[in-house]
Amino acid sequence: MARFIAQLLLLASCVAAGQAVTAFLGERVTLTSYWRRVSLGPEIEVSWFKLGPGEEQVLIGRMHHDVIFIEWPFRGFFDIHRSANTFFLVVTAANISHDGNYLCRMKLGETEVTKQEHLSVVKPLTLSVHSERSQFPDFSVLTVTCTVNAFPHPHVQWLMPEGVEPAPTAANGGVMKEKDGSLSVAVDLSLPKPWHLPVTCVGKNDKEEAHGVYVSGYLSQ
């Protein structure tokens with residue numbers, strides 16, 4: 001019983017508080033786990049997991065007797081290192097799917113300690129505009145599309161002068177998920193002749209904002 005109580009006290013003193021880490025897409029970051037103990041030999045077993053929905057834990061890799069093994073799907077994007085009593089998971093955030101919660105499990109004999117960290121992967125906003133005329137025979141409408149690519153919350157809208165006749169009309173082009181996991185949002189603006197009025201596309205992603213002004217077939221930044 002005394003041994004059991006001692007292990008519980010050790011467990012309580014060894015669990016470090018979780019941290020939130022933010023990485024831009026493509027950036028390399030490090031998640032850290034620390035065991036507050038006088039000395040840890042190579043016999044400690046350390047495992048890092050990616051947490052999924054519910055109770056799902058997907059093993060990324062493990063280290064035991066200073067031998068490191070990374071599971072096949074995570075090779076090239078994850079690595080494990082150690083410095084004394086501190087254990088590192090190095091993440092190359094190459095995809096938005098690397099966003100989420102991670103768990104480090106440290107086990108020595110019958111004692112087990114866990115620590116959870118959160119990684120937020122973001123992609124800076126990019127804004128693009130292109131135009132296309134309506135088809136033969138009238139060529140009377142110019143459709144201008146504004147696309148914003150970002151993560152986690154891309155948003156796009158057109159700003160137009162008031163009182164313009166005939167008034168331009170906007171239509172949501174939908175949301176598309178890119179290969180890197182980021183999101184692209186597009187809004188089409190239909191401009192009847194004449195096409196010379198200036199319109200402004202505004203793209204946002206949380207605290208980011210970008211503008212593109214479209215005038216007579218030209219986009220000025």
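Each residue, glycine too, has its Cβ placed from N, Cα and C.
Per Swiss-Prot, the feature disulfide bond maps to CYS146-CYS201; the stated evidence is experimental evidence. Under the heading domain 'Ig-like 1', Swiss-Prot lists 21-120. According to Swiss-Prot, the feature domain 'Ig-like 2' maps to 124-220. Residues annotated as N-linked glycosylation site in Swiss-Prot: ASN95. Taken from Swiss-Prot, the feature signal peptide applies to 1-20, supported by sequence analysis.
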- Task: Count the other Cβ atoms sitting within 10 Å of the Cβ of CYS146 (disulfide bond), across every protein chain shown.
- Result: 26
- Within 10 angstroms of the C-beta of ASN95 (N-linked glycosylation site), the count of other C-beta atoms across all shown chains comes to 16
- Cβ neighbour count (10 Å, all chains) around CYS201 (disulfide bond) is 24
- Euclidean distance between Cα atoms of CYS146 (disulfide bond) and the residue listed as 'N-linked glycosylation site', Å: 24
- Integer mean pLDDT for the domain 'Ig-like 1' (21-120): 92
- Message: Please list the DSSP helix, strand and coil residue counts for the domain 'Ig-like 1' (21-120).
- Response: 6 helix, 63 strand, 31 coil
- Query: Can you tell me how the residues of the domain 'Ig-like 2' (124-220) break down into helix, strand and coil by DSSP?
  - Reply: 0 helix, 64 strand, 33 coil
